[in-house]
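Encoded as structure tokens, the structure appears first; notes follow it.
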Amino acid sequence: MKLRRGALRAALGLALLLLLPPPARAVEPISLGLAIAGAAASALTGIISYPRLYCYFRECCLQRHEQRVAAALQESLDRRLFGQHLVSKVVVRAVRGFLSNAQAKKPLALSLHGWTGTGKNFVSKIIAESIYKRGLKSNYVHQFVATLHFPHAHSINLYKDQLQTWIRGNVSICPRSIFIFDEMDKMHAGLIDAIKPFLDYYELLDGVSYRQAIFIFLSNAGAEKITEVALDFWRNGKAREDIQLTDMQNALSVSVFNNRNSGFWHSTLIDRNLIDYFVPFLPLEYKHVKMCVRVEIESRGYAVDEDILTRVADEMTYFPREERIYSDKGCKTVDAKLDYYYDF
């Protein structure tokens, strides 16, 4: 740690003074008090003016090095997310590339799509944790839930004004703000278009740059299209891991754009190509559910009982009805089912 030169001299002088024998440091109490106060204030000023030390004690809007973020993101996804090879590949590359680009022309916009329980909220949480230690609790991560924050269709204009004010205010405080919009499939059509200016290719808007911000959208819309592609691969004997983003991204964006029951219905965000990636979350298979059960048991500090693990996985419901390939709730109810078997 480097203190400012004057603060360092004052601190060293005070230390030497206190080490001298009593006769040599016989000064008036008030003079000694002023000396101590002056040295302390000077040293404290030097410490506080050093950003990294200050941010050690308080959360700051400081980006971790992009390599650290990418490493933490990759490690968490590899260890905690199952059956989503496309998600791991796309999200890590997108976030790493965006954070390392000092000349980004627009904010990063990720739209995560898939059935309930496939990991959309989980991944948004991991992204937040990779950039800010406090994750979703960070002062610089902001989460909106459509049914909670925007419940009334007749108040759309009010919501638009509030949303713009909220985003503008938070990005003014922290350019690297993260905004997460959950339940996009339940959001009133047209509302999300209010944030179009912030996602566009503007250098400044009223003196504020939004180019370092990250926007993440979560939606069940498009899940049918994702399942359709996954089933085609399965029925043709192709490995799940062979599915590529190009196999479904265009079809997914069109499906979401034309879905009347989606907040993205005919949205300018899609029409103007302001969403950088439509990330498909594949439906989870039986083996993935078992992985979720195992991790949940271990996270509670219990030895894994293979019999219980299998019974919990077997109790989940699967689709299509005849083939029973995919869990219709993903891993969402695993923790609740485990409560039945363990005396927690």
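Positions of Cβ are set from backbone N, Cα and C atoms, glycine also.
These come from TrEMBL:
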{"type": "BINDING", "residues": "G114, W115, T116, G117, T118, G119, K120, N121", "note": "ATP binding site"}
{"type": "DOMAIN", "residues": "284-341", "note": "domain 'Torsin-1A C-terminal'"}
{"type": "SIGNAL", "residues": "1-26", "note": "signal peptide"}
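When the neighbouring Cβ atoms lying within 10 Å are counted for each of the binding-site residues (T118, N121), the highest count belongs to T118. Each of the binding-site residues G114, G117 was scored by the number of other CB atoms within 10 A of its CB, and the lowest score belongs to G117. Taking a C-beta cut-off of under 8 Å and a sequence gap of six or more, W115 (ATP binding site) has these contacts in its own chain: N220, A223, I226, T227, F281, P283, D328, K329, G330.
Within the same chain, the residues at least 6 positions away from K120 (ATP binding site) whose Cβ sits under 8 Å from its Cβ are L112, H113, G114, L218, S219, F281, listed in sequence order.
For the ATP site, the Cβ centre of G114, W115, T116, G117, T118, G119, K120, N121 serves as reference, and the other residues of the chain with Cβ at most 8 Å from it are F122, N220, F281, G330, K332. Each of the binding-site residues T116, G119 was scored by other CB atoms within 10 A of its CB, and the lowest score goes to T116. Each residue of the domain 'Torsin-1A C-terminal' (284-341) gets a DSSP state, and the totals for helix, strand and coil are 32 helix, 5 strand, 21 coil.
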